[in-house]
């Protein structure tokens with residue numbers, strides 16, 4: 001597995017650590033705000049400088065005097081980052097000047113005997129470098145003036161930080177990992193799950209909602225398979241969105257869902273299905289993501305009955321009926337061993353392809369079992385079906401007139417398709433396409449016999465057809481059996 005050199009960014013609160021982290025990573029990962037204590041967990045991302053790839057770790061502000069409820073946890077997270085880092089950058093604020101907290105942080109870093117570089121932040125040009133002199137007393141020999149906001153001197157800072165780090169740490173081995181977003185409303189146990197899976201306190205765990213504010217990416221290996229867990233900030237009720245940070249965190253959670261390969265939706269069975277749970281479930285569905293549902297804390301409910309919980313879940317979020325469910329306790333690890341096989345299964349299903357030959361055989365058998373009904377003397381005719389995309393699996397069903405497809409028959413086809421191909425944990429998108437000049441009417445019952453060309457030839461021809469045809473007013477689609485709408 002790749003072992004990249006690690007750079008930890010540390011310092012007192014509100015000196016620009018997260019802004020520097022984002023600048024090095026060249027993307028907005030950490031939430032940046034003027035308020036103190038925004039970053040709480042350790043954030044990891046990959047950076048690159050002149051061909052050298054490395055990991056960057058953003059930490060919360062170290063403040064021994066703070067009364068902030070999470071201060072001890074933030075400090076511990078920073079200490080863990082310092083321990084695992086190969087090189088360290090302490091960030092200070094040139095305009096605020098040297099503070100006692102800066103001195104305390106420097107003393108801690110120098111005791112590690114690791115390479116330490118001082119980033120004197122908020123210096124926009126060389127004319128302001130005189131502001132650096134006050135920091136010489138910290139005892140850190142390597143000092144670089146930088147502007148995280150403007151991107152000035154960032155390359156020079158990184159060169160200095162990695163000057164004494166051997167490139168032998170870095171392996172050129174590449175690997176692909178399955179990105180799994182751990183999502184759910186605030187305080188359902190997401191960080192407890194991540195910490196149990198990793199067997200370390202990577203994320204701050206607290207009964208106070210909103211503990212995790214950033215989306216924390218964590219890469220690791222389990223049974224020779226590579227995974228990246230994305231521990232997201234819980235989406236809270238709207239009344240809490242007066243905090244700008246919580247609003248940013250909710251947006252970051254939605255982005256995490258979009259960039260993940262699949263999602264693990266955590267629910268608290270003690271409180272049942274809430275409006276926030278439904279909102280997150282809808283976000284997963286709209287993103288077309290595969291999903292596994294973890295029903296957490298069921299061991300804390302007296303007289304708990306699984307069948308009642310599953311029935312309630314199906315009634316509240318019927319569009320996730322296809323998703324596998326696990327009753328678990330993230331705190332004790334009960335049934336967590338079932339999660340990884342399901343991740344592999346759902347991920348494989350999201351990329352599964354079915355040949356046009358197999359799909360047309362399926363359509364022929366479905367039509368033989370149950371013919372479409374007559375509508376005003378006309379009957380729906382299905383010409384053929386083909387898959388056009390994966391993640392999520394997407395299919396086009398070519399018919400004579402889409403408006404002849406009744407709701408009952410839509411449900412029938414959907415259920416038959418699920419029964420034939422399962423696609424456990426993955427949404428299925430099936431689009432209806434109206435008749436075009438290129439479609440020759442054929443008997444719907446002859447679909448299983450019309451095999452005059454190879455499957456590969458059919459797939460190539462149909463792929464070209466989809467690219468040429470434009471979506472018309474007659475196009476319809478349905479996602480799962482209950483969500484068929486006109487486009």
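Yeah, the Cβs are placed from backbone N, Cα and C, and that goes for glycine too.
Not measured: the values here are computed from a predicted model.
Per Swiss-Prot, the features are as follows:
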- 5-169: domain 'EngA-type G 1' (DOMAIN)
- 11-18, 58-62, 121-124: GTP 1 binding site (BINDING)
- 178-351: domain 'EngA-type G 2' (DOMAIN)
- 184-191, 231-235, 296-299: GTP 2 binding site (BINDING)
- 352-439: domain 'KH-like' (DOMAIN)
- 441-466: region 'Disordered' (REGION)
* Structure fact -> Under a three-state DSSP reduction, the secondary structure at residue 187 (GTP 2 binding site) is coil
* Euclidean distance between Cα atoms of residue 14 (GTP 1 binding site) and residue 298 (GTP 2 binding site), Å -> 40
* DSSP says what for the domain 'KH-like' (352-439): how many helix, strand, coil residues? -> 32 helix, 23 strand, 33 coil
* Structure fact -> Looking at the binding-site residues 14, 59, 187, the one with the fewest other Cβ atoms inside 10 Å is 14
* To do: Can you grab the distance from residue 187 (GTP 2 binding site) over to residue 17 (GTP 1 binding site)? Cα atoms, rounded to a whole Å.
  => 26
* Asked: To what whole number does the mean pLDDT across the domain 'KH-like' (352-439) round?
  -> 90
* To do: Based on Cα distances to residue 190 (GTP 2 binding site), point out the closest of the binding-site residues 14, 17, 59.
  => 59
* To do: Rounded to the nearest Å, what's the C-alpha distance separating residue 59 (GTP 1 binding site) and residue 184 (GTP 2 binding site)? Just drop the number here, would you?
  => 23
